[in-house]
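Student: Not my notes, these are from TrEMBL:
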{"type": "DOMAIN", "residues": "17-133", "note": "domain 'TMEM205-like'"}
{"type": "TRANSMEM", "residues": "15-35", "note": "transmembrane segment"}
{"type": "TRANSMEM", "residues": "47-71", "note": "transmembrane segment"}
{"type": "TRANSMEM", "residues": "100-121", "note": "transmembrane segment"}
{"type": "TRANSMEM", "residues": "162-182", "note": "transmembrane segment"}
(Lines of atoms letter the chains of each structure in order from A and count residues from 1; the text may use other names and numbers.)
(Lines give C-alpha, C1' and ligand atoms only; values in the text may rest on other atoms or scores of the structure.)
Protein backbone atom coordinates (compact mmCIF):
# COMPACT_ATOMS: atom_id res chain seq x y z
CA UNK A 1 0.00 0.00 0.00
CA UNK A 2 1.32 3.46 -0.86
CA UNK A 3 2.30 6.02 1.73
CA UNK A 4 -0.51 8.57 2.14
CA UNK A 5 1.65 11.13 3.95
CA UNK A 6 1.87 13.14 0.73
CA UNK A 7 -1.74 14.15 1.36
CA UNK A 8 -0.52 16.15 4.38
CA UNK A 9 2.21 17.93 2.46
CA UNK A 10 1.52 21.30 0.84
CA UNK A 11 3.55 20.31 -2.26
CA UNK A 12 0.83 18.55 -4.31
CA UNK A 13 -1.67 21.32 -3.58
CA UNK A 14 0.87 23.93 -4.68
CA UNK A 15 1.52 22.07 -7.94
CA UNK A 16 -2.22 21.56 -8.57
CA UNK A 17 -2.89 25.26 -7.91
CA UNK A 18 -0.06 26.28 -10.22
CA UNK A 19 -1.26 23.89 -12.95
CA UNK A 20 -4.82 25.19 -12.65
CA UNK A 21 -3.60 28.80 -12.86
CA UNK A 22 -1.48 28.12 -15.93
CA UNK A 23 -3.98 25.83 -17.65
CA UNK A 24 -7.00 28.06 -17.15
CA UNK A 25 -5.05 31.09 -18.33
CA UNK A 26 -3.90 29.37 -21.51
CA UNK A 27 -7.36 27.92 -22.14
CA UNK A 28 -9.24 31.20 -21.64
CA UNK A 29 -6.71 33.33 -23.53
CA UNK A 30 -5.93 31.14 -26.52
CA UNK A 31 -8.74 28.62 -26.91
CA UNK A 32 -12.06 29.64 -25.34
CA UNK A 33 -11.89 33.32 -26.25
CA UNK A 34 -10.82 32.75 -29.85
CA UNK A 35 -13.19 29.85 -30.56
CA UNK A 36 -16.12 31.69 -28.96
CA UNK A 37 -15.39 34.85 -30.94
CA UNK A 38 -15.38 32.89 -34.20
CA UNK A 39 -18.40 30.70 -33.42
CA UNK A 40 -20.82 33.19 -31.88
CA UNK A 41 -22.45 36.36 -33.09
CA UNK A 42 -21.05 39.53 -31.51
CA UNK A 43 -23.98 39.96 -29.10
CA UNK A 44 -23.75 36.30 -28.02
CA UNK A 45 -19.99 36.56 -27.61
CA UNK A 46 -20.35 39.72 -25.53
CA UNK A 47 -22.95 38.07 -23.30
CA UNK A 48 -20.76 34.99 -22.84
CA UNK A 49 -17.63 37.01 -22.05
CA UNK A 50 -19.51 39.25 -19.61
CA UNK A 51 -20.57 36.11 -17.72
CA UNK A 52 -17.23 34.25 -17.95
CA UNK A 53 -14.64 36.92 -17.28
CA UNK A 54 -15.59 37.73 -13.66
CA UNK A 55 -15.41 34.02 -12.82
CA UNK A 56 -12.11 33.69 -14.69
CA UNK A 57 -10.58 36.75 -13.01
CA UNK A 58 -11.78 35.58 -9.58
CA UNK A 59 -10.18 32.18 -10.13
CA UNK A 60 -6.97 33.80 -11.42
CA UNK A 61 -6.88 36.03 -8.33
CA UNK A 62 -7.59 33.25 -5.81
CA UNK A 63 -5.08 30.73 -7.18
CA UNK A 64 -1.93 32.77 -6.40
CA UNK A 65 -3.20 33.10 -2.82
CA UNK A 66 -3.61 29.32 -2.64
CA UNK A 67 -0.13 28.92 -4.16
CA UNK A 68 1.33 31.19 -1.47
CA UNK A 69 -0.43 29.27 1.30
CA UNK A 70 0.71 25.91 -0.08
CA UNK A 71 4.30 26.80 -0.95
CA UNK A 72 6.15 23.60 0.06
CA UNK A 73 9.58 24.95 0.90
CA UNK A 74 12.66 23.26 -0.51
CA UNK A 75 14.95 20.63 0.97
CA UNK A 76 18.62 21.24 0.31
CA UNK A 77 21.96 19.90 1.53
CA UNK A 78 23.36 21.82 4.48
CA UNK A 79 26.98 22.81 4.90
CA UNK A 80 27.14 20.41 7.85
CA UNK A 81 26.37 17.40 5.69
CA UNK A 82 22.67 17.04 6.55
CA UNK A 83 19.49 18.19 4.87
CA UNK A 84 17.87 21.50 5.69
CA UNK A 85 14.30 22.40 4.87
CA UNK A 86 13.18 25.98 4.45
CA UNK A 87 9.81 26.91 5.87
CA UNK A 88 6.70 26.34 3.82
CA UNK A 89 3.59 28.48 3.26
CA UNK A 90 3.79 32.25 3.78
CA UNK A 91 6.85 32.08 6.01
CA UNK A 92 8.63 30.19 3.22
CA UNK A 93 7.83 32.68 0.47
CA UNK A 94 8.90 35.55 2.74
CA UNK A 95 12.38 34.07 3.19
CA UNK A 96 15.13 36.34 1.85
CA UNK A 97 16.23 33.81 -0.76
CA UNK A 98 12.65 33.46 -2.08
CA UNK A 99 11.76 37.13 -2.48
CA UNK A 100 12.47 37.29 -6.24
CA UNK A 101 11.91 33.66 -7.19
CA UNK A 102 8.69 32.93 -5.26
CA UNK A 103 7.17 35.99 -3.59
CA UNK A 104 7.62 38.45 -6.48
CA UNK A 105 6.06 36.29 -9.21
CA UNK A 106 3.18 35.04 -7.04
CA UNK A 107 2.43 38.54 -5.69
CA UNK A 108 2.67 40.11 -9.14
CA UNK A 109 0.31 37.56 -10.71
CA UNK A 110 -2.10 38.13 -7.82
CA UNK A 111 -1.95 41.92 -8.25
CA UNK A 112 -2.41 41.78 -12.03
CA UNK A 113 -5.41 39.47 -11.78
CA UNK A 114 -6.91 41.47 -8.90
CA UNK A 115 -6.61 44.60 -11.09
CA UNK A 116 -8.54 42.79 -13.83
CA UNK A 117 -11.13 41.46 -11.36
CA UNK A 118 -11.72 44.71 -9.48
CA UNK A 119 -11.01 47.42 -12.05
CA UNK A 120 -10.40 46.59 -15.74
CA UNK A 121 -13.07 43.89 -16.03
CA UNK A 122 -15.89 45.91 -14.42
CA UNK A 123 -14.97 49.09 -16.33
CA UNK A 124 -14.92 47.17 -19.62
CA UNK A 125 -18.31 45.60 -18.84
CA UNK A 126 -19.75 49.01 -17.92
CA UNK A 127 -18.55 50.45 -21.24
CA UNK A 128 -20.12 47.49 -23.09
CA UNK A 129 -23.47 48.28 -21.41
CA UNK A 130 -23.16 51.98 -22.24
CA UNK A 131 -22.42 51.05 -25.83
CA UNK A 132 -25.56 48.88 -25.94
CA UNK A 133 -27.66 51.83 -24.74
CA UNK A 134 -25.98 54.09 -27.28
CA UNK A 135 -26.88 51.60 -30.04
CA UNK A 136 -30.53 52.03 -29.07
CA UNK A 137 -30.22 55.82 -29.16
CA UNK A 138 -28.34 55.77 -32.48
CA UNK A 139 -30.41 53.00 -34.09
CA UNK A 140 -27.16 51.38 -35.21
CA UNK A 141 -24.86 48.65 -33.86
CA UNK A 142 -21.43 49.72 -32.66
CA UNK A 143 -19.72 47.53 -35.26
CA UNK A 144 -21.79 48.49 -38.33
CA UNK A 145 -20.04 50.19 -41.22
CA UNK A 146 -20.53 53.88 -41.86
CA UNK A 147 -20.33 56.92 -39.67
CA UNK A 148 -20.92 56.52 -35.94
CA UNK A 149 -22.14 59.16 -33.49
CA UNK A 150 -19.49 61.07 -31.53
CA UNK A 151 -20.61 59.30 -28.36
CA UNK A 152 -20.33 55.86 -29.99
CA UNK A 153 -16.86 56.73 -31.28
CA UNK A 154 -15.87 57.74 -27.73
CA UNK A 155 -17.31 54.51 -26.28
CA UNK A 156 -15.59 52.38 -28.93
CA UNK A 157 -12.23 54.02 -28.15
CA UNK A 158 -12.79 53.61 -24.41
CA UNK A 159 -13.74 49.95 -24.86
CA UNK A 160 -10.71 49.24 -27.05
CA UNK A 161 -8.42 50.92 -24.55
CA UNK A 162 -9.80 49.06 -21.52
CA UNK A 163 -9.98 45.74 -23.36
CA UNK A 164 -6.34 46.23 -24.39
CA UNK A 165 -5.30 46.98 -20.80
CA UNK A 166 -7.13 43.89 -19.58
CA UNK A 167 -5.65 41.65 -22.30
CA UNK A 168 -2.13 42.97 -21.72
CA UNK A 169 -2.47 42.51 -17.97
CA UNK A 170 -3.67 38.95 -18.55
CA UNK A 171 -0.78 38.15 -20.93
CA UNK A 172 1.85 39.62 -18.61
CA UNK A 173 0.38 37.52 -15.79
CA UNK A 174 0.55 34.44 -18.01
CA UNK A 175 4.19 35.16 -18.85
CA UNK A 176 5.08 35.53 -15.18
CA UNK A 177 3.18 32.33 -14.38
CA UNK A 178 5.24 30.43 -16.97
CA UNK A 179 8.45 31.99 -15.61
CA UNK A 180 7.49 30.91 -12.08
CA UNK A 181 6.97 27.36 -13.35
CA UNK A 182 10.54 27.27 -14.66
CA UNK A 183 11.85 28.69 -11.37
CA UNK A 184 9.85 26.12 -9.40
CA UNK A 185 11.04 23.24 -11.56
CA UNK A 186 14.64 24.36 -11.12
CA UNK A 187 14.30 24.49 -7.34
CA UNK A 188 12.62 21.10 -7.09
CA UNK A 189 15.32 19.25 -9.07
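Glycine is treated like the rest: Cβ placed from N, Cα and C.
Owing to the predicted nature of the structure, the values given are computational and were not obtained by experimental measurement.
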Student: Can you name the far-off residues of the same chain, 6+ from the ends of the transmembrane segment (47-71), with a Cβ under 8 Å from a Cβ of it?
Tutor: 10-11, 13-14, 17-18, 20-21, 24-25, 28, 32-33, 36, 40, 88-90, 92-93, 102, 106-107, 109-110, 113-114, 116-117, 121, 125, 128, 170, 173
Student: Six or more residues out from either end of the transmembrane segment (162-182), which same-chain residues have a Cβ under 8 Å from its Cβ atoms?
Tutor: 18, 21-22, 25-26, 29, 60, 102, 105-106, 108-109, 112-113, 115-116, 120-121, 123-124, 127
Student: Take the domain 'TMEM205-like' (17-133) and count its residues per DSSP category (helix H/G/I, strand E/B, coil), listing them in that order.
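Tutor: For that range the per-state counts are 94 helix, 6 strand, 17 coil.
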